[in-house]
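Features as listed in TrEMBL:
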type	residues	note
BINDING	B:D35, B:D37, B:D256	Mg(2+) binding site
ACT_SITE	B:D35	active site, nucleophile
ACT_SITE	B:D37	active site, proton donor
BINDING	B:K231	substrate binding site
2 protein chains.
Amino acid sequence: MNMNVAERQGDCHSQLLSSHNARDLLNSVDAFLFDCDGVIWKGDTLIDGVSQTLDMLRSKGKKLVFVTNNSTKSRRQYAKKFQSLGISVSEDEIFCSSFAAAMFLKVNNFPREKKVYVIGEEGILEELQLAGFTGLGGPEDGKKTVQLKPNCLFEHDKTVGAVVVGLDQYINYYKLQYGTLCIRENLGCLFIATNQDAVGHMTDLQEWPGAGCMVAAICGSTQKEPIVVGKPSTFLMDFLQQKFQISCSKMCMVGDRLDTDVLFGKNAGCKTLLVFSGVTSHSTLHDPSNSIEPDYCTNKLSDILELLGP
Amino acid sequence: MNMNVAERQGDCHSQLLSSHNARDLLNSVDAFLFDCDGVIWKGDTLIDGVSQTLDMLRSKGKKLVFVTNNSTKSRRQYAKKFQSLGISVSEDEIFCSSFAAAMFLKVNNFPREKKVYVIGEEGILEELQLAGFTGLGGPEDGKKTVQLKPNCLFEHDKTVGAVVVGLDQYINYYKLQYGTLCIRENLGCLFIATNQDAVGHMTDLQEWPGAGCMVAAICGSTQKEPIVVGKPSTFLMDFLQQKFQISCSKMCMVGDRLDTDVLFGKNAGCKTLLVFSGVTSHSTLHDPSNSIEPDYCTNKLSDILELLGP
């Protein structure tokens with residue numbers, strides 16, 4: 001049976017946010033979980049009306065939590081970024097995938113005497129250190145080069161027991177070889193991906209390759225699949241629930257990505273709100289090939305504020 | 001039904017090369033197709049007995065052809081490498097994946113006014129130029145850096161109509177963003193992979209991430225699959241046959257990889273000989289998960305010489 005696009009679009013069960021259902025949503029949840037990139041900001045630019053919307057939600061007693069797959073910063077660095085944009089957020093309210101990687105190792109009793117090789121940026125190294133682990137690699141190895149010459153033997157640390165891969169703007173062949181050797185040759189070495197986002201708004205003007213690019217490179221050379229700790233994996237949800245004692249059904253996940261944010265929310269049993277201020281367009285949501293449907297969708301976060309009125 | 005490994009190994013139909021079947025093989029084929037890395041050399045070191053074996057095959061009137069997935073060199077550069085190792089091979093006998101990429105564009109009438117962005121090394125750029133195409137990128141872009149800062153707009157050439165990705169020891173975020181933007185934003189832009197080898201003996205002492213690593217990175221950021229022109233794709237076989245007028249059933253493909261060399265030979269209907277002097281071990285061949293079986297297997301190329309005797 002062939003259906004045309006218009007008919008298929010009718011199949012999408014997402015409700016456009018209205019003043020009516022926005023009120024229902026607000027009344028039915030105790031916590032809002034926000035993705036950051038494409039929802040709160042684009043690059044280093046705050047999206048219009050975000051600050052006022054967050055203030056309104058706090059004034060109504062809602063718990064606010066920020067769940068981001070971007071691993072370049074630590075919780076501390078994110079709190080600082082929020083502050084620089086004029087928004088007060090505490091470290092405890094931030095759940096970034098750099099933190100998730102460190103917590104994954106902690107809850108799995110990763111031995112303290114083993115090391116962690118990082119293909120990624122400062123945020124991962126900082127979270128590893130805060131959790132009591134020894135990180136290697138990261139930005140420092142971005143300056144290192146290799147020479148494919150006879151008798152050149154690339155040495156790697158045999159005590160590396162995990163390789164964490166996230167977004168790395170200083171990716172190079174040295175790091176690819178280092179991570180590959182650890183995963184292929186160190187017995188039982190874990191391969192942890194902060195996330196697998198294809199691209200992200202690393203700057204306000206355009207998208208750039210995301211962690212999914214670096215993770216895929218290591219999959220390509222090792223022929224192994226990673227453990228993913230960021231969205232849509234529900235690993236972080238356990239921490240959220242433990243911390244805030246709120247049932248998932250009383251949470252609403254707000255994000256700009258179907259395959260990470262909305263799926264993360266749905267996997268956990270949260271309500272979900274898709275905003276079109278990031279990477280997902282109306283046509284992507286309604287495309288017949290898309291099977292991930294948020295409960296609600298709207299152009300941007302501050303629509304909630306406008307719809308609820310003064 | 002559970003079978004133990006020994007029973008499953010009995011299922012493998014590959015014959016160990018013997019003086020008997022080596023003679024049969026020699027009598028039944030007119031041409032030998034050789035992979036280079038792991039068969040002829042490791043890095044820059046010739047594998048023992050290769051030179052004498054090639055001499056013997058030539059003396060018996062066999063046509064010799066070298067088919068390599070390594071895209072870092074052009075045919076001209078490969079002929080030079082053979083010469084430096086004391087083996088005389090003409091450019092016409094060399095079919096490398098850098099040449100395959102250029103030929104793919106040629107046979108598909110890629111418009112001369114469009115440009116080709118290269119994530120890879122000198123060999124691809126040289127072959128593109130010889131075929132009359134304009135290449136961009138390559139080693140030169142290995143020195144370029146990006147800054148993820150506000151108002152930074154990464155510009156790419158809108159006339160790029162193809163991105164060719166091969167092994168690139170100078171891979172960086174600049175190239176990943178450039179290739180990603182071309183494939184995502186230039187209408188109809190082709191995504192061509194020289195090959196998808198996970199690793200290769202880029203040096204004699206160890207394996208390094210192969211083109212499969214860089215290709216996977218671009219798949220990760222573009223969410224697109226490439227056109228593969230190297231082994232196991234049979235694209236090069238058309239050229240071989242046109243050039244040498246030899247039926248595939250009269251050819252024997254000799255290689256060290258199951259998923260590229262042996263599969264390439266089998267896909268084309270050639271006889272296949274696996275050598276254990278490269279990346280594949282006996283246990284990999286006999287592993288129950290392996291479904292690619294060469295007709296023959298032996299430790300190294302020069303076994304042919306020894307088995308046939310003086």
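Cβ from N, Cα, C; glycine included.
TrEMBL entries are annotated by machine, without manual review.
Here the CA atom of the residue listed as 'substrate binding site' lies 10 Å from the CA atom of B:D35 (Mg(2+) binding site).
Neighbouring residues of the recorded Mg(2+) site, listed in sequence order and excluding B:D35, B:D37, B:D256, comprise B:C36, B:G38, B:V39, B:I40, B:T68, B:G200, B:H201, B:G255, B:R257, B:D261, B:V275, B:G278, B:V279 (Cβ within 8 Å of the Cβ centroid). Each residue contributes its Cα atom, and for B:K231 (substrate binding site) and B:D37 (Mg(2+) binding site) those atoms are 13 Å apart. Mapped onto three states, the DSSP output places B:D35 (Mg(2+) binding site) in coil. Just so you know, of the binding-site residues B:D35, B:D37, B:D256, the Cβ with the fewest other Cβ atoms around it within 10 Å is the one at B:D37. Counting every protein chain shown, the number of other Cβ atoms lying within 10 Å of the Cβ of B:K231 (substrate binding site) is 32. DSSP classifies B:K231 (substrate binding site) as coil under the three-state reduction.
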